[in-house]
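TrEMBL has this to say about the protein:
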type	residues	note
ACT_SITE	A:Cys84	active site, nucleophile
ACT_SITE	A:His199	active site
ACT_SITE	A:Glu201	active site
DOMAIN	A:8-215	domain 'Glutamine amidotransferase'
Amino acid sequence: MSTIDIAVVDYGMGNLRSVSKALEHVATTKNVVVTSKPEDVAKASRVVFPGQGAMPDCIRELDARGLRGAVLEAAQNKPFLGICIGLQMLFEQSEEGNAAGLGLFKGGVKRFAHADMVDSQGEKLKVPHMGWNQVYQCQHAEAKAHALWQGIEDGARFYYVHSYYVQPADESIIEGYSDYPKRFTCAIAKDNLFAVQFHPEKSANAGLQLLSNFVNWSPS
Amino acid sequence: MGLAKRIIPCLDVTNGRVVKGVNFLELRDAGDPVEIARRYDEQGADELTFLDITASSDNRGLILHIIEEVASQVFIPLTVGGGVREVEDVRRLLNAGADKVSINTTAVLNPKVVQDAAAKFGSQCIVVAIDAKKVDNQPFEWEVFTHGGRKATGLDAVKWAEYMVSLGAGELLVTSMDRDGTKIGFNNPLNKAISNAVEVPIIASGGVGNLQHLVDGVKEGGADAVLAASIFHYGEYTVKQAKDYMAQHGIEIRR
């Protein structure tokens, strides 16, 4: 059996081609596999957990393929990158369809509140939050910015498309935030896991840098 | 600082080449799509839109091939439209590497395609394109046209926009047929009316002749993104020049 360097978890939701193409672009010598098999996720050295669409459907499709256990296992034991719904699913509960998530992290997933969606000039802000927004990196007291921010300017713009965002109960896992118009969490990390709300695979050079950092990441 | 306004070069593709017409007619060759896409990405384009403007079954494979090639080299969002008739077409385009699919005539003929595609793939990848024209013979100001602008529908463009969003459209691409190819600027009252009526982002399209038109599209038309073709294809302006100009006029853009 061939080895799998990077498994992109496919649970039938959305377009994974962008994610795998971008990974192949930054990791030309690595074997990138898009897979819906739990055993592939289990044997891969690194796992990317993307997501598009509605969270209740994503959870349902994940379970339909028997992937829940393999994803949870990978999220706690090997370099793991969650993207978009792949970040949101790691939490306990989402306002979207009142769905239960995988519950790896305490906290919920909230929708941008209609009443808040006005900018400083009084202009209406649209939902979904779609386009390029600035990402600010968190520097925790003990260390410099996270290894996955390496080579990326603080405040660099990444491409977003989403109507929901995560609210971690434990703020120490927050690694990045954006403003729309209020501050929301766009990146979290714990041990071997990093997860982002924006789409690195669609974020030009900043996104490719983050993916490259992930491919070369050795979590301590 | 927050979300940047987007600049989206639009590539009208037919028979594997990028072309540009005036008022939907008189097509001129503007080059190789992959080469052009790569150039715009390097200039800092925020997104690219490909419209398959002939979209007959015989060149359908061609656009899929182009999208596949672009998607493996250009890592910004790609929208593809033209000739999308059923949910299966949406799936094929997404699988080829499109991030969003734009639906126009089919949305009018069979709105359920918009609803089903949004339910299946998520609203984030469903763009409804609205071609609108100012009319005098209706109780409303702008009417929706289909079939590349040839067929009147009797639909009020603003009400139609609201309906499409209610079915799951995640973004609207609003083209003024009166302005398309004229270089006299976007139809800002039309764009503003639609932008005010819906919660989702709108892309202004049709009529850009200079960089001030892009600024006006955002400031007067309330557009979240501005789409242009000919000013970029023929080298009149680069995307970077457009961004510099917008930034000088107080619009937040991505550098």
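Backbone N, Cα and C atoms are what each Cβ position is placed from, and that goes for glycine too.
A count of other CB atoms within 10 A of each Cβ picks out A:Cys84 as the most crowded of the active-site residues A:Cys84, A:His199. For A:Glu201 (active site) paired with A:Cys84 (active site, nucleophile), the C-alpha to C-alpha distance reads 11 Å. If you take every residue in the domain 'Glutamine amidotransferase' (A:8-215) and average the pLDDT, you get 94.
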